[in-house]
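Right, one structure below, let's go through it.
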Amino acid sequence: ALGLYTVNAVYGDTITMPCRLEVPDGLMFGKWKYEMPNGSPVFIAFRSSTKKNVQYDDVPDYKDRLSLSENYTLSIKDARISDEKRFVCMLVTEDDVSEEPTIVKVFKQPSQPEILHQADFLETEKLQMLGECVSRESYPEGNVTWYKNGRVLQSVEEAVVINLQKIVDKSTGLFTMTSSLQYMPTKEDANAKFSCIVTYYGPSGQKTIQSEPVVFDVHYPTEKVTIQVLSHRTIKEGDNITLKCSGNGNPPPQEFLFYIPGETEGIRSSDTYIMTDVRRNATGEYRCSLTDKSMMDSTTITVHYLDLQLTPSGEVTKQIGEALPVSCTISSSRNATVFWIKDNTRMQTSPSFSSLQYQDAGNYICETALQEVEGLKKRKTLKLIVEGKPQIKMTKKTNTNKMSKTIVCHVEGFPKPAVQWTVTGSGSIINKAKETKYVNGKFSSKIVISPEENVTLTCIAENQLERTVTSLNVSAISIPEYDEPEDRNDDNSEKVNDQAKLIVGIVVGLLLVALVAGVVYWLYVKKSKTASKHVDKDLGNIEENKKLEENNHKSET
């Protein structure tokens with residue numbers, strides 16, 4: 001057939017074969033025949049050039065499938081594999097018979113290959129049937145190639161064994177290709193994609209069809225055991241600890257032995273082991289292994305703790321001026337921060353009381369937290385009460401209008417003393433006093449009066465500890481007297497005291513200067529009198545007269 005005209009047809013389509021002879025003059029008829037394998041002819045179609053009629057020979061394979069056109073082109077419907085023959089077009093005249101052969105080739109695309117009889121799983125170090133790649137109804141026969149992750153699998157003795165079978169359907173002449181793959185996987189074949197490709201020939205040349213990829217579950221033994229802590233990043237007392245042990249085999253081991261600090265024997269458990277409400281003694285090394293005690297792994301767990309001891313704590317009552325040592329002791333698993341809070345305000349330094357004052361009273365909190373351990377905080381409180389007997393200081397001040405005086409009773413003490421004013425002598429109680437705010441154990445009670453005569457006022461301050469009484473004489477409003485300033489704060493009092501000391505010093509200095517000057521003058525006068533005794537006696541009369549005149553002048557004065 002080499003060099004002959006060939007018609008390529010697709011299985012099931014119509015085969016069209018033109019008669020490639022030039023129609024001669026005097027043509028009587030045209031005929032088509034095909035040749036048997038032994039060379040004998042079989043006529044199948046006839047067309048007369050004069051009567052224009054067409055006749056088809058009684059050939060069973062071509063019944064109702066043939067069509068012969070006026071130009072002697074032969075068409076065969078529903079192409080079959082059996083149509084692959086040598087057909088001959090014949091044009092006959094009275095003098096000659098012309099023939100032109102045509103070779104028919106039929107092609108059938110195979111079905112998409114499928115991987116059948118797949119293994120449920122693959123085991124390493126074991127040659128086993130992975131599956132069969134099957135592609136059906138191909139013509140001509142195709143070829144099957146296996147691929148792993150897109151690369152061709154070549155046969156390797158005792159590792160990759162490929163067998164290809166091609167079976168032809170005698171009724172249709174179509175081929176079915178079956179390629180089996182025996183494979184010994186490795187651990188690296190987990191998630192590998194296996195596929196197969198069928199290579200076949202069509203009318204236009206060589207083509208391929210690929211199967212859907214298949215991933216197999218590859219089983220391999222555990223080679224390493226790992227223990228993990230699934231709890232928080234840092235663990236503190238009271239937390240739960242969840243340990244997880246895993247093996248890198250497939251399928252992974254389902255049971256393990258867990259070794260807990262202080263326990264000599266392993267505890268058999270699933271891959272998870274939970275400990276609840278752990279204490280600091282749970283700190284240590286934790287291990288796990290396979291149930292056969294092979295392949296062990298370990299990890300160290302630290303259970304963080306924080307203890308706080310405040311001395312003294314709770315409610316403490318002390319007297320003003322007393323000393324109170326305070327200590328806040330910390331014991332922890334790592335560095336802890338400590339700070340003090342007094343009455344909701346953070347303190348810059350720790351409290352220390354060598355001589356308690358009223359302002360030292362309050363609610364103290366010693367609080368500590370463990371660095372980098374979330375939620376681990378401790379605090380203890382000290383409620384300090386500073387008690388003191390009432391102390392009184394009274395002051396008076398004439399108001400600027402000169403019509404009244406303000407009398408102030410400055411009171412210290414805790415619990416807060418109750419203050420009462422009375423007029424000494426009459427015993428009458430004054431109820432119009434005004435009090436300042438009670439701060440740090442101090443406050444003032446003030447009254448304004450306009451006395452017509454001298455009076456004595458009494459301020460009485462009393463609390464649970466003692467009753468204190470102090471009196472102050474107040475002159476009538478018409479009698480001038482020195483005013484006394486009201487108490488000021490400590491800083492101002494110190495400044496006033498310093499100024500008073502300075503003034504007193506100046507006054508004393510001036511008095512000393514005056515005294516010295518007086519002594520000098522007296523000595524001078526005395527010396528003058530001694531010298532005058534040596535003066536002429538006649539002057540004596542004159543001096544006596546002068547003295548008499550001076551005495552007279554003094555008397556007048």
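A Cβ is built for glycine as well, from the same backbone N, Cα and C atoms used for every other residue.
Annotation source TrEMBL lists domain 'Ig-like' at 101-210, 221-302, 321-383, 390-470. As annotated by TrEMBL, transmembrane segment applies to 502-524.
Residues in the domain 'Ig-like' (321-383) partition by DSSP class (helix H, G, I; strand E, B; coil) as 3 helix, 33 strand, 27 coil. Under DSSP, the residues of the domain 'Ig-like' (101-210) split into helix, strand and coil as follows: 3 helix, 68 strand, 39 coil.
When averaged over the domain 'Ig-like' (101-210), pLDDT in the model lands at 95. For the domain 'Ig-like' (390-470), the number of residues in each DSSP class (helix H, G, I; strand E, B; coil) is 0 helix, 50 strand, 31 coil.
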